[in-house]
Amino acid sequence: KETAAAKFRRQHMDSGSSSSSNSNYCNQMMKRRRMTHGRCKPVNTFVHESLADVKAVCSQKNITCKNGQPNCYQSNSTMNITDCRETGSSKYPNCAYKTSQKQKYITVACEGNPYVPVHFDGSVLLPATSTQAQAPLARGQ
């Protein structure tokens, strides 16, 4: 059976490539990575950074996951990612996706030993602050 870490790599890692010039990238990759089997996965993100860089996020900024779990981490820097989103005309088995290339901070959930990403929790343009009520000059202390 596919481990959670292997599933994360299959669904979210595409190191050393980018989708920049290819509007068909998501249609090809979603199929190739088996996310259109049985149904169309509505939204998926591919990360175009090294696996080592993405694994390193597990030791970066600890934040709460969208589902309330405490084991999410946000990257210290932006990463080159591609968002794939199902189009309105997409109908299984002919899944169709819109490809959007972005530079964003990513959030992943990590678990296991070694501690590795097992779930992609989202991406943001601006990093989360550890506490919302932080004084503006509290950085770098």
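Backbone N, Cα and C atoms are what each Cβ position is placed from, and that goes for glycine too.
Residues annotated as active site, proton acceptor in Swiss-Prot, with similarity to another entry given as evidence: HIS12. Marked as active site, proton donor by Swiss-Prot: HIS119. The substrate binding site annotation in Swiss-Prot covers LYS7, ARG10, LYS41, PRO42, VAL43, ASN44, THR45, LYS66, ARG85. According to Swiss-Prot, the compositional bias 'Low complexity' annotation covers 15-24. Among the features that Swiss-Prot reports, disulfide bond is placed at CYS26-CYS84, CYS40-CYS95, CYS58-CYS110, CYS65-CYS72, with the record citing similarity to another entry. Annotation source Swiss-Prot lists O-linked glycosylation site at THR129, citing similarity to another entry. The region 'Disordered' feature in Swiss-Prot is assigned to 1-25.
Its own atom aside, the Cβ of LYS7 (substrate binding site) has 14 Cβ atoms within 10 angstroms in the protein chains shown. A distance of 6 Å separates the Cα atom of HIS12 (active site, proton acceptor) from that of THR45 (substrate binding site). Taking each Cβ in turn and tallying the other Cβ atoms within 10 Å, the top scorer among the recorded positions CYS26, CYS40, VAL43, CYS110 is CYS26. Once the Cα atoms of LYS7, ARG10, LYS41, PRO42, VAL43, ASN44, THR45, LYS66, ARG85, the listed binders of substrate, are compared pairwise, the greatest separation found is 22 Å. Cα separation, CYS95 (disulfide bond) to LYS41 (substrate binding site), rounded: 9 Å. Counting only residues at least six positions away in the same chain, the Cβ atoms of ASN71, CYS72, THR107, ALA109, HIS119, ASP121 sit under 8 Å from the Cβ of CYS65 (disulfide bond). The CA atom of CYS26 (disulfide bond) is located 17 Å away from the CA atom of LYS7 (substrate binding site). In terms of C-alpha distance, the listed disulfide-bonded residues CYS58, CYS84, CYS110 place CYS84 closest to THR45 (substrate binding site).
Distances between the Cα of CYS110 (disulfide bond) and those of the recorded positions LYS7, CYS40, VAL43, CYS84, ARG85 are shortest for LYS7. A distance of 10 Å separates the Cα atom of ARG85 (substrate binding site) from that of CYS40 (disulfide bond). Distance between Cα atoms for VAL43 (substrate binding site) and CYS84 (disulfide bond): 6 Å, as a whole number.
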